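See below for the structure under consideration.
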Amino acid sequence: MKVCKKILVKILIFFFLAVTLLVTLGPFLWVLFASFQTNKEILDFTLGFPSGVQIKNYTTAFQLAPIVRYYFNSIFVTFFGVTINLIAMGMAAYVLSRFQFRGQNLIRLLFSMGLLIPGAALLLPLYTSVSAVGLYDSMWGLIIVYVGFGIPQSLFIISSYYKTIPKEMEESAYLDGAGFVRTYITIIMPLARPSFATAGVMQFLLCWNEFQFALTLTTGDRSRTLPIALYYFKSSFASDYGAMFAAIVLVSLPSIIVYIILQKYVVTGMVAGAVKG
């Protein structure tokens with residue numbers, strides 16, 4: 001009886017994992033296969049591998065939309081958006097998690113409230129502010145906005161992980177003659193790599209995939225990012241579905257690669273921070 005019960009449990013677990021895998025990977029695999037299909041195969045909703053590999057869809061995607069230009073724009077915005085966010089929030093989280101001072105709880109509350117405000121409600125104020133300082137239709141305007149929106153999430157991820165690091169390690173460094181900055185750079189930051197990786201991946205996804213602010217705060221090709229390229233592509237060339245799916249693959253692939261590379265650190269950072277918090 002016990003053997004049958006164990007077998008049944010294993011079957012149920014396998015079935016659950018198989019369904020989860022199908023739901024998770026199914027949409028991406030369908031888009032990937034569709035990017036190599038003809039328009040007729042796509043409209044016929046043909047599932048499975050394409051009858052022939054249509055590399056032409058990818059060349060057409062580069063011809064119909066300024067994907068290369070938008071790729072460089074997205075790389076620039078994402079690099080500085082992630083770097084500035086991690087540097088600033090790493091130091092801010094260290095102060096909030098290691099020192100006690102008046103108004104500390106108020107600061108945490110204000111950052112928490114930032115998670116509750118929908119981005120759409122800030123479109124007009126941010127448009128006015130960015131235009132007033134001369135950063136409208138500028139990649140730096142987008143970078144500042146993305147850094148600001150990533151503050152609450154990065155702050156809480158990193159500060160939660162800092163609490164898992166014993167204070168005795170810092171005290172030992174101070175006794176050995178290390179200063180505050182050296183202790184933070186050589187002791188705290190290396191130990192907190194999982195939290196930085198987790199916050200970095202989240203911030204990367206925000207900067208790389210964000211649409212509404214990129215659409216509102218930019219107008220020209222010199223500052224627009226990849227999600228806007230898809231919007232332009234769809235609205236102008238909606239009949240070429242094969243090229244459209246090829247463009248979707250080109251846009252989403254970097255996010256998948258980054259997560260696959262850093263997934264070990266992401267899981268570690270999430271689990272450690274959640275357990276301690």
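Each residue, glycine too, has its Cβ placed from N, Cα and C.
Because TrEMBL annotations are produced automatically, they should be read as predictions rather than curated entries.
Per TrEMBL, the features are:
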type	residues	note
TRANSMEM	12-33	transmembrane segment
TRANSMEM	70-94	transmembrane segment
DOMAIN	71-262	domain 'ABC transmembrane type-1'
TRANSMEM	106-127	transmembrane segment
TRANSMEM	139-162	transmembrane segment
TRANSMEM	241-262	transmembrane segment
Message: Quick check for me: are there 3+ Cβ pairs below 8 Å between the transmembrane segment (12-33) and the transmembrane segment (139-162), leaving out pairs under 6 residues apart?
response: no
Statement: Ranking 106-127, 139-162, 241-262 by Cβ pairs under 8 Å to the transmembrane segment (70-94) puts first 139-162
Beyond the flanks of the transmembrane segment (241-262) by 6 or more, those residues with Cβ under 8 Å of it: 28, 31-32, 34-39, 42-43, 54, 56-58, 60-61, 64-65, 67, 71, 197, 200-201, 204-205, 208-209, 226-227, 229-230, 233-234
